[in-house]
Amino acid sequence: MTTSLQDGQSAAGRAGAQDSPLAVQVCRVAQGKGDAQDPAQVPGLHALSPASDATRRGAMDRRKAKDLEVQETPSIPNPFPELCCSPLTSVLSAGLFPRSNSRKKQVIKVYSEDETSRALEVPSDVTARDVCQLLILKNHYVDDNSWTLFEHLSHTGVERTVEDHELLTEVLSHWVMEEDNKLYLRKNYAKYEFFKNPMYFFPEHMVSFATEMNGDRSLTQIPQVFLSSNTYPEIHGFLHAKEQGKKSWKKAYFFLRRSGLYFSTKGTSKEPRHLQFFSEFSTSNVYMSLAGKKKHGAPTPYGFCFKPTKAGGPRDLKMLCAEEDQSRMCWVTAIRLLKYGMQLYQNYMHPSQARSACSSQSVSPMRSVSENSLVAMDFSGQKTRVIDNPTEALSVAVEEGLAWRKKGCLRLGNHGSPTAPSQSSAVNMALHRSQPWFHHRISRDEAQQLITRQGPVDGVFLVRDSQSNPRTFVLSMSHGQKIKHFQIIPVEDDGEVFHTLDDGHTKFTDLIQLVEFYQLNKGVLPCKLKHYCARMAV
């Protein structure tokens with residue numbers, strides 16, 4: 001009875017308020033129309049307060065009554081909650097499933113070194129590591145943590161490594177529509193190599209520690225010092241810098257510190273009054289120059305630059321170049337460590353723990369159980385046995401591979417003499433072209449560029465045709481941050497042609513045997529062959 005009386009009073013109050021000038025004035029004030037007046041100064045407004053309170057109490061009582069009726073109704077589960085049109089259910093659905101609606105998809109295109117491309121539809125929160133993982137699984141590549149995405153800016157001739165944790169949507173958002181920018185997938189063996197062998201990346205003459213740190217510091221501890229929050233080494237050396245708005249380059253002595261990159265206005269002095277700020281790296285990225293001498297008139301081919309994170313043209317680039325590639329690698333590596341810090345170390349130590357967009361596309365980043373359960377077996381005796389020794393398993397695999405190739409050569413040569421020179425060379429050429437490390441007819445400069453792009457760490461190699469000596473081959477490899485070339489000489493013995501690197505002391509029937517031998521033995525090379533350069537399609 002009380003509820004009905006309150007309802008009647010509130011209804012009467014509403015009906016009377018609709019015709020009163022005071023109500024019209026209050027409504028205008030609430031809607032922002034007319035002159036804005038203080039509600040306390042509107043005459044007669046206090047007279048409406050009791051009625052409005054009664055109205056609110058009546059509405060609350062009605063809601064409580066409805067809630068009681070709902071609670072008394074037997075609880076029957078709804079088999080189709082997504083079809084329920086109740087406001088309460090719609091609010092719950094929106095709160096329970098925000099991700100499925102908010103994860104927008106975006107189409108990206110990734111290129112390989114042979115300019116083939118693949119379009120991928122990825123969520124907006126996908127990282128560079130996620131895309132690498134997806135392409136590795138789709139193409140059945142081996143995931144050795146060296147696959148890398150590169151941001152290539154064609155109009156300026158520069159590119160950089162997209163770090164594994166970076167969001168691709170943020171990278172692409174800084175691109176300009178008119179520019180021909182691309183994402184490339186290729187191997188970069190030097191991406192985290194400085195954590196393993198820092199002495200190759202930080203020459204002793206370019207690194208100095210603070211006075212309180214000098215003690216027993218060695219070059220092997222430089223990455224740990226960079227990751228420290230209270231100490232840092234100082235990178236210093238001569239660089240050529242392009243003057244803003246000019247085509248000329250000026251040589252100066254630079255210092256890299258946590259606050260940015262500085263150059264000295266007076267020789268090699270690092271007194272504060274002689275240091276001038278050049279660039280910082282918190283709001284900019286460091287890029288490697290691919291054609292600095294041709295596009296920017298650089299004095300050396302070992303250029304790099306700073307580009308603002310936000311979209312900017314060629315005039316916004318701060319161009320630098322070093323005297324040699326090892327010096328450039330030192331500067332770029334130190335800048336990466338200062339910019340990303342511990343995140344870079346986490347990418348190196350825990351690559352599989354990064355968020356993977358592959359899981360959302362029903363692709364597992366791990367190998368299948370059947371592949372992980374494979375073991376090496378020996379079937380040579382009366383009883384089979386499992387080979388537990390890894391060295392023995394590797395030697396057995398090599399022997400089986402050699403036996404398979406020998407049978408293959410005999411099958412290919414069954415229409416003629418297997419030892420005929422023409423037939424043997426044709427068979428060998430067919431075998432060589434099937435290997436990912438064989439690049440056939442590429443020049444010396446192209447070989448050096450390919451090895452440099454994939455990371456000039458010790459043991460990166462490829463085999464190519466010799467341009468100076470027909471029908472011979474060249475082994476190009478990296479060692480000590482330098483590219484070296486070794487002539488593979490053909491020698492004849494008892495009517496058969498062999499390949500050798502040491503004037504016939506060690507002879508091989510084909511290039512596959514030669515490569516496999518030097519992958520296990522150093523021999524006459526400066527180091528073992530570890531990583532091959534390959535142009536793989538996506």
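Numbers run from 1 along the shown chain.
Every residue gets a Cβ built from N, Cα and C, even glycine.
Considering Ser282, Ser373, Ser395, the record held by Swiss-Prot lists Ser373, annotated as phosphoserine. Between the listed residues Ser279, Ser284, Ser362, Ser370, Swiss-Prot assigns phosphoserine to Ser370, with no corresponding entry for the rest in that record. Mean pLDDT for the domain 'PH' (232-340) in this predicted model: 91.
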